[in-house]
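**Student:** Sharing a structure below in structure tokens format, with a few things to ask.
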Amino acid sequence: MQDGELLIFGLCGQSLFFRVAHMHRPEETLHAQSLCREPGGKGYNQAVAAARLGARVTFAAAVGRDADADDCAALLAREGVQARLFPKAGEHTACAVILTDAAGENRVTVYPGASRLLDAQDVLAMAGAFARASVVLLTPEIPEPAFAQAVALAREAGARLIVNPAPFVPWVVPYLREAWCVTPNRQEAGQLPGLDGGEPLERALRTAPYARMAVTLGAQGALCLASGAVFAVPAPRVVPVDTTGAGDAFNGALCAALLADAPFPQAVSLAVRAASLSVAQPRAVASFPTREALEASVRSAPGREK
């Protein structure tokens with residue numbers, strides 16, 4: 001399916017998933033209905049999501065010297081992701097706590113741990129991966145010096161740079177103009193220059209200072225900018241079970257489709273469909289569709305993406 005390779009830098013850690021009847025009120029203690037563990041992190045999830053769809057993926061992150069790092073590496077190996085995990089002394093592998101309520105909505109708290117220690121030298125050590133990459137996907141989960149070095153190497157390699165500005169941090173803004181595509185969600189988009197003036201999103205996108213954008217809108221799909229034109233991509237209807245990782249499913253699928261030479265509108269449509277399939281299942285990594293599942297969903301759709 002894929003001719004090029006995808007290179008991703010991001011956070012790699014352990015995730016604890018608690019299912020609750022509702023989100024906490026002030027001073028309220030809740031008993032969770034279920035608990036499970038699963039490796040994750042935005043970049044980590046994106047790597048697995050893309051690999052499930054047939055992409056050749058290399059993922060790089062900083063981790064601690066602990067059992068959680070071993071668990072993360074083992075799952076990446078099972079998923080066929082080429083991993084370069086840089087061990088950092090004196091810091092624990094990242095950890096996240098995810099609460100999911102009866103409506104499938106989630107709240108996430110992340111301790112970034114060793115991921116904060118990824119540095120520019122680590123990124124330079126990935127020069128061979130940049131040379132092979134057709135697409136590079138970055139999030140500001142990694143420190144700015146490492147992010148800046150990755151942007152520079154992607155530019156030198158002539159790779160298409162996708163920036164998912166999540167979680168939003170102000171320092172990411174200057175790098176967005178170098179991106180082939182920027183992929184915020186609705187909340188993140190409202191913090192970006194050109195989209196933060198309170199205008200309706202569709203109107204603001206028409207003059208946004210970015211080459212391409214795909215703003216994810218949850219159940220409403222995505223609103224996109226390309227070549228000065230704005231277009232909407234609706235999402236198929238699903239019953240949400242857990243929205244955790246939906247944005248990661250979108251970004252991984254978008255990159256996988258671009259590697260397969262899909263035109264941008266088609267790539268976004270496939271990514272929206274992959275994200276929709278993911279929210280119909282619990283958790284993050286466990287919910288990401290395979291290529292076969294995505295293709296079956298496309299075949300059964302009234303309007304087919306392929």
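Using the three backbone atoms N, Cα and C, a Cβ is placed for every residue, glycine included.
From a predicted model like this one, the values you see are computed outputs, not experimental measurements.
In case it's useful when we look at the structure, here is the feature table from TrEMBL:
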ACT_SITE  D248  active site, proton acceptor
BINDING   G41, K42, G43, Y44, N45, E141, D248  substrate binding site
BINDING   N185, T216, L217, G218, A219, Q220, G221, G247, D248  ATP binding site
BINDING   D242, T244, S278, Q281, S287  K(+) binding site
DOMAIN    20-290  domain 'Carbohydrate kinase PfkB'
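Are these features on the surface or tucked inside, and what are their neighbours?
**Tutor:** Cβ neighbour count for D248 (active site, proton acceptor): 30 (other Cβ atoms within 10 Å of its Cβ, all protein chains included).
According to DSSP, G41 (substrate binding site) is assigned to coil rather than to any helix or strand. For G41 (substrate binding site), applying a Cβ distance below 8 Å and a minimum sequence separation of six or more within one chain yields G10, L11, C12, G13, S15, A61, A94, A96, V110, S115, E141.
All chains included, 23 other C-beta atoms sit within 10 angstroms of the C-beta of G221 (ATP binding site).
The secondary structure of D242 (K(+) binding site), as reduced to three states from DSSP, is coil rather than helix or strand.
Per-residue pLDDT, averaged over the domain 'Carbohydrate kinase PfkB' (20-290), rounds to 96.
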**Student:** Applying a 10 Å Cβ distance cut-off over all chains shown, what neighbour count does S287 (K(+) binding site) have?
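**Tutor:** There are 24 such Cβ atoms around S287 (K(+) binding site).
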**Student:** How many whole Å apart are the CA atoms of G43 (substrate binding site) and D248 (active site, proton acceptor)?
**Tutor:** 8
**Student:** Find the longest CA to CA distance in the recorded ATP-binding set N185, T216, L217, G218, A219, Q220, G221, G247, D248; express it in Å as a whole number.
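**Tutor:** Across N185, T216, L217, G218, A219, Q220, G221, G247, D248, the two farthest Cα atoms sit 16 Å apart.
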**Student:** Are there recorded positions among N185, A219, G221, D242, D248, Q281 that sit within 10 Å of K42 (substrate binding site), Cα to Cα? If so, list them; otherwise say none.
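**Tutor:** The recorded positions close to K42 (substrate binding site) (Cα within 10 Å), listed in sequence order, are D248.
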**Student:** Distance between A219 (ATP binding site) and S278 (K(+) binding site) at the Cα atoms, whole Å?
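**Tutor:** It is 12 Å, counting Cα to Cα.
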